[in-house]
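So TrEMBL says this about it:
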| type | residues | note |
| --- | --- | --- |
| DISULFID | CYS158-CYS182 | disulfide bond |
| TRANSMEM | 16-40 | transmembrane segment |
| TRANSMEM | 60-83 | transmembrane segment |
| TRANSMEM | 90-113 | transmembrane segment |
| TRANSMEM | 226-249 | transmembrane segment |
Amino acid sequence: MNCVRSEDGLRKFNKGIFFGSNTFLWTLGWCFLIIGMWIYTDRNEYAILARSSFNPLSNAGISLAGGLTIIIIGFIGFLGAWFENKLLIILYLSFVGFLCVVELVTGTLGVVWRDRITENVKMDLLNSINRSYASRNHADPYGLKFTWDHLQSSLRCCGSRGYADWFNSRYWPRNEFVPDSCCDVSFFKDNQSMQNCGQNYDHRMMWYQQGCYELFTDWLLRHTNFVVTFSFIVTVAGVLAFIAAFRICAFIRRKEKKYGGNYRYRRGQHDNDSLTEQSR
């Protein structure tokens with residue numbers, strides 16, 4: 001009888017630990033999903049200026065996909081533990097193990113590539129300057145000109161490293177001009193008075209002095225930092241949930257050996273165990 005009680009206590013302990021860790025993991029999945037939505041809507045018009053490997057839309061996609069996956073996996077885990085289904089628990093173990101590996105790799109790459117992202121952003125912005133103001137007849141099909149103007153006016157910056165980057169633009173060859181979006185609005189009364197302000201080099205002190213790549217990189221890395229941080233947190237939570245699920249699976253296997261493979265681990269089974277033990 002004492003043996004049955006100890007087994008019943010172990011069962012409850014294993015399930016309690018599992019429900020706690022899986023609830024935490026499941027909550028992280030919803031948080032990951034919300035972060036993905038936030039990244040997608042947070043000035044995603046700038047994404048065209050960054051390469052696809054590290055632009056905000058990639059981070060948003062990783063967060064959305066990761067969040068949905070965690071939510072589905074967590075739901076499978078809840079079903080497996082509640083109905084005490086060995087197949088669902090094994091399926092849960094497989095998914096969580098794979099998830100931990102993916103999240104660990106994602107977080108590690110995010111840390112390792114920080115310096116690479118900064119340097120690539122600088123070069124990408126320089127390359128896009130000529131593409132955005134390629135010619136006066138340029139139709140701007142990709143929205144680069146609009147994006148650059150919006151970036152410079154909202155972040156209060158000019159060029160990649162500074163306003164001199166625009167001097168090499170094919171839009172105004174052999175002229176030291178900058179777009180009007182480089183003009184510091186604090187020096188002008190209204191938008192109309194800012195027209196062609198970037199075409200007078202003598203007024204260069206009215207242009208934004210700071211380059212955009214540092215501000216733009218900070219904006220990119222802010223999203224990346226969220227993804228990296230949550231990736232490591234999900235990895236830790238996933239390991240805890242994996243261990244808890246493995247304990248339940250191991251308990252089932254011990255009971256199956258004890259009852260010759262006919263044991264079914266589900267709610268109410270401990271009452272049958274008690275009757276079996278008492279009849280012996």
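A Cβ is built for glycine as well, from the same backbone N, Cα and C atoms used for every other residue.
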Show which residues of the chain containing CYS182 (disulfide bond), separated from it by at least 6 in sequence, have their CB under 8 Å from its CB.
GLN152, CYS158, GLY159, TYR163, TRP166, GLY198, TRP207, TYR208
Mind checking which residues of the chain, 6+ beyond the ends of the transmembrane segment (16-40), have their Cβ under 8 Å from one of its Cβ atoms?
56-57, 59-71, 73-75, 77-78, 81, 96, 223, 226-227, 230, 233-234, 237-238, 240-241, 243-245, 247-248
Please give the sequence-distant neighbours of the transmembrane segment (90-113): residues at least 6 beyond its ends with Cβ less than 8 Å from one of its Cβ atoms.
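Same-chain contacts beyond the ends: 25, 54, 62, 66, 69-70, 73, 76-77, 80, 224-225, 227-229, 231-232, 234-235, 238-239, 241-242, 245-246, 249.
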